[in-house]
């Protein structure tokens, strides 16, 4: 890489910290709304409490100083980490004190996990199911037990110490959040030093993180899991530190430990192949990925990330400059290319957050799919309720993060975008042909919606008329997903060329053998047919509509033909003032509001598809002579090709467990199912009525209070249009997710 003379004179990185930046004042914090001159005056109307919640974390509205905003975000991150460590501590504390972890560890196939016991008050102890191993408790589906097994935890005492460690880390994070805001607050230059941040995050956070994790797996998790797999009782296994300090003990399990570090320094790395493996496939004892493969994977990643963490130029005048990379990134048809993006990403945290949320959301969705296709932890693949829970969980998180990415992209456009600094770069060029983008995307949505839904309407009609031979199905007019089948086949065959020494395929979802653990199917080839082709096009439709709404909100955040001065109205506004009809629901906030409904649609179809497909074609039992019996007997291919089939054979048929749960350990799910339906229906009251109706009602109620001489000091006000939509949306999503959660879990627990 070429180094210019100006780069050679790059000034050394200094430590940019301001001492005693902000006074620690409990008296100030005790005043509600202290961050806003208007809110600090106290409530005059009930709108005050809404504005308090809306603006508490909107640091942009509290100060115009980018440095102050940066410090607040940085400090808030430590608060977030404190909450996460506290949550982790709580999970481990429950595992240590209220769980059947030891019993589960001794027989993970037939004993269910539980880490919560309900107290016998008003008869609610009925929720304590008999999960096996002489334990009654609420069956949990979080996957913690399987993860603890993979980490090499063999007793509740170890969980207890981790819980204490989590508490200490939580307290440390709280202290760090206070210290780096009040005592030693970083200056703006520190936050904007992209190269140093990249080096430290890549080499430190990811590189050393992966290295320490692979170190833990090699020295502690691998030997303990090898003994557990061999049937050694947990209480007979040496304590973790003994594997760390006793090389002889390790060498009994992995002979290459006898050779020490000599093979490492002489380049004979193949000597370590007894614990750094490349087997592929799943461990037949546990149904999870080979732990030695996982250790190898993290070691390789750590090397890559540590290398990557030395790529960027800081004190030593060598390495990449982020600004130069971006400004050099231009082609013959892209104008100024990425010029101006460096300034955007170092002055707008909304722009950076938008990218990070979109990436993390996508990553969460990728994780959801890897969790079942390549189950990472021992015995997780045969715990169907946990598999369904984790898939649903990661899909929801992915959906919310992607929508959040669009939200902050739009906030960036409204608050931080400067057109003069972005002339003819890629962002400007996208904005200038936004009409072409959105109109084409709209056409794609109409095409996908009409055709994918049309296939189902056709099938329902043909089935209703008794003409099965004219339906789109594997037995009549076939619509085979030939490209998906081709991709599956490539992935099945590829390891033969790319990893010739691997023992098995990357994932049995692509093809290969049936992996079973204790007579239950962990993973097997997932055959795709007409039913999958049809529902995948529904996925394409719902995702494209979500993208259409969100992208329109970003691209038209500053202006549109309807509202040319939209940037002046801000991110969130109900309508463009009185006298301008037809301008409501056009703010960027409203696009996020509408996008969330379609995100809900998208994720619902995905998790319904997954739940039914796995029960129909993967999950089930296998006899010693190879006879497979799936939970719903392979009915997905013939039933899911009609809308009636989805309603009758999935929603109604599989809702029987939650509907009939009263009087059983699953009865809480029956109550949640009912309550969540109510919360969902309650949302419609906010979504289908206007502010004026409620204001009139409130004024009549206030009149009655005045008549009786107990009128409130704080004047009641109806929710604003935006507030009403926010409350409606929150209840719609909460009700919908609660309904799906209870429906899935009552069903999954009964089939696990």
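Backbone N, Cα and C define each Cβ position, glycine as well.
Swiss-Prot lists transmembrane segment for one of the ranges 388-414, 469-495, 496-522, 631-657, namely 388-414.
Note on Swiss-Prot: of 98-122, 123-147, 198-222, 223-247, the range annotated with the feature transmembrane segment is 198-222. Of the listed segments 321-343, 436-458, Swiss-Prot assigns transmembrane segment to 436-458.
Ranges compared are 349-372, 565-588, and Swiss-Prot records transmembrane segment for 349-372.
The feature transmembrane segment, as given by Swiss-Prot for the ranges 252-274, 666-688, sits at 666-688. Transmembrane segment is the annotation Swiss-Prot gives to one range among 39-57, 533-551, and that range is 533-551. Across 198-222, 349-372, 436-458, 533-551, stretch 198-222 shows the highest tally of CB pairs under 8 A with the transmembrane segment (294-312).
Sequence-remote contacts of a segment are chain residues at least 6 beyond its ends whose Cβ falls under 8 Å from one of its Cβ atoms, and for the transmembrane segment (591-612) they are 372, 388, 391-392, 395-396, 398-400, 402-403, 406-407, 410, 535, 538-539, 542-543, 545-546, 549-550, 552-554, 585, 632, 636, 640, 646, 650-651, 654, 725-726, 729, 732-733, 736, 740, 744, 747. The transmembrane segment (159-182) shares more Cβ pairs under 8 Å with 73-96 than with any other stretch in the list 73-96, 198-222, 388-414, 436-458, 533-551. Across the structure, residue 693 (chlorophyll a binding site) and residue 584 ([4Fe-4S] cluster binding site) are spaced 17 Å apart at their Cα atoms.
Tertiary proximity for the transmembrane segment (388-414) is limited to same-chain residues at least six positions away from its ends with a CB under 8 Å from its CB atoms, namely 141-143, 344, 348, 350-351, 353-365, 367-369, 371-372, 546, 550-551, 553-554, 557-558, 566-567, 570-571, 588-589, 591-592, 595-596, 599-600, 602-603, 606-607, 610-611, 614, 737, 740-741, 744-745, 748. Within 10 Å of its Cβ, the residue among the binding-site residues 693, 694 with the fewest other Cβ atoms is 693. Within 10 Å of the C-beta of residue 677 (chlorophyll a' binding site) we count 15 further C-beta atoms, all protein chains included. Taking Cβ pairs closer than 8 Å, the transmembrane segment (349-372) reaches residues 69-70, 73, 380-381, 387, 390-391, 393-395, 397-409, 411-412, 415-416, 509, 523, 610, 614 in its own chain, all 6 or more past its ends. According to DSSP, residue 693 (chlorophyll a binding site) is assigned to a helical segment.
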